[in-house]
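According to TrEMBL, the transmembrane segment annotation covers 21-46, 52-72, 93-114, 151-169, 184-208, 220-242, 262-286, 291-312.
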Amino acid sequence: MVERISQEKEEENERRSMKKLLLILNSILLAIGTCGGPLVMRLYFIHGGNRVWLSSFLETSAFPIILIPLTISHIHNRYNNPNGPNTFVSMKSPLFFASAVIGILTGLDDYLYACGIKRLPVSTSSLIQSSHLAFTAVFAFLVVKHKFTAYSVNSIVLLTLGSVVLALNSKGGDRLVGESSKEYVIGFVMILASAALYGFVLPLMELVYKKSKQVISYSLVMEIQLVMCFFATLFCVVGMFIDNDFKVIPREAREFKLGETKYYVVLVWSAIMWQFFFLGVIGVIFCSSSLLSGVIIAAFLPITEVLAVIVYKESFQAEKGVALALSLWGFVSYFYDEIKEARKTKSRETELPQSHHSIA
């Protein structure tokens with residue numbers, strides 16, 4: 001009896017360690033995508049790019065990359081469990097249709113976001129992150145009944161304040177050359193709508209995990225991501241056909257300020273960066289929660305600001321320094337809360353086997 005309990009405990013520790021490793025890996029991917037995605041997309045617009053649907057398409061079009069880790073995972077599972085099911089796809093119909101619906105919503109969100117990025121500077125686009133975190137927190141409470149603690153609320157407030165400081169720092173001089181007030185307002189509304197929609201999508205993904213009648217493994221999570229990105233990309237392809245993007249792309253490439261070759265390089269790297277973002281998001285939700293994914297996105301906003309200063313020679317004013325401090329403080333607050341909760345859980349699990357042993 002004691003040996004069986006000890007073995008179960010050891011297996012549980014191994015699963016927990018693997019989940020921590022996956023959480024770290026996906027957090028890194030999410031951080032890279034959060035910083036790199038908006039910067040590369042903005043690079044496209046700054047140097048002569050003008051196709052919103054094309055930019056939306058790039059946010060999910062690199063989904064075939066997922067086939068690489070998915071194949072590795074399948075081979076690993078076959079090696080460890082040779083008698084298990086020999087199917088590459090484990091997703092069942094209800095989960096497929098749920099993923100498809102979320103994918104279409106993601107495609108719409110991609111379009112709204114691209115509309116905003118086209119019209120707003122990097123510092124202003126940070127508003128999407130502040131409102132995104134607030135929307136995520138609200139929808140996480142309503143959709144998946146996520147409980148708040150003093151530390152998690154504190155982190156949300158701090159991260160939101162940091163992003164709002166950056167947004168309030170946007171003045172008329174930050175606008176694109178020749179941009180009217182009407183265009184500026186349209187960009188603001190679009191990016192705010194994108195924040196609200198994605199703030200709903202994240203908890204919705206978490207709800208799909210919880211309500212699924214299948215055992216959610218990391219391989220299945222990648223399958224979900226593959227289906228979501230496929231339908232999001234399909235949604236944007238329809239928009240590209242309607243807007244005649246495929247006819248305009250060759251001409252736009254020739255007129256691109258950095259050159260035709262670099263035009264396509266920018267498009268490819270934009271797609272890769274955004275795939276890192278989406279793969280990181282869905283992985284963090286699987287390993288932790290939708291709220292944590294929102295916190296990571298908001299926490300790396302200041303890093304995006306610093307990179308914008310380096311790459312695009314933007315000014316780094318005092319407000320940006322304040323935002324950096326607030327965001328880092330909020331990030332630390334959230335993880336302190338996570339560590340406390342993890343210790344409580346571990347303590348309860350340690351006491352349970354001891355109690356069981358005494359009864360036996």
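Heads up, the Cβ atoms here are built off N, Cα and C, so glycines get one too.
Panel annotation: around the transmembrane segment (262-286), residues 22-23, 25-34, 36-37, 40-41, 43-44, 47, 49, 54-55, 58-63, 65-66, 106, 202, 205-206, 209, 216, 218, 221-222, 224-225, 228-229, 252-253, 256, 292-293, 296-297 of the same chain, lying at least six beyond its termini, place a Cβ under 8 Å from a Cβ of the stretch. Contact count against the transmembrane segment (52-72) (Cβ pairs under 8 Å) is highest for 220-242, out of 93-114, 184-208, 220-242, 291-312.
For the transmembrane segment (21-46), the partner stretch with the most Cβ pairs below 8 Å, chosen from 93-114, 184-208, 220-242, 291-312, is 291-312.
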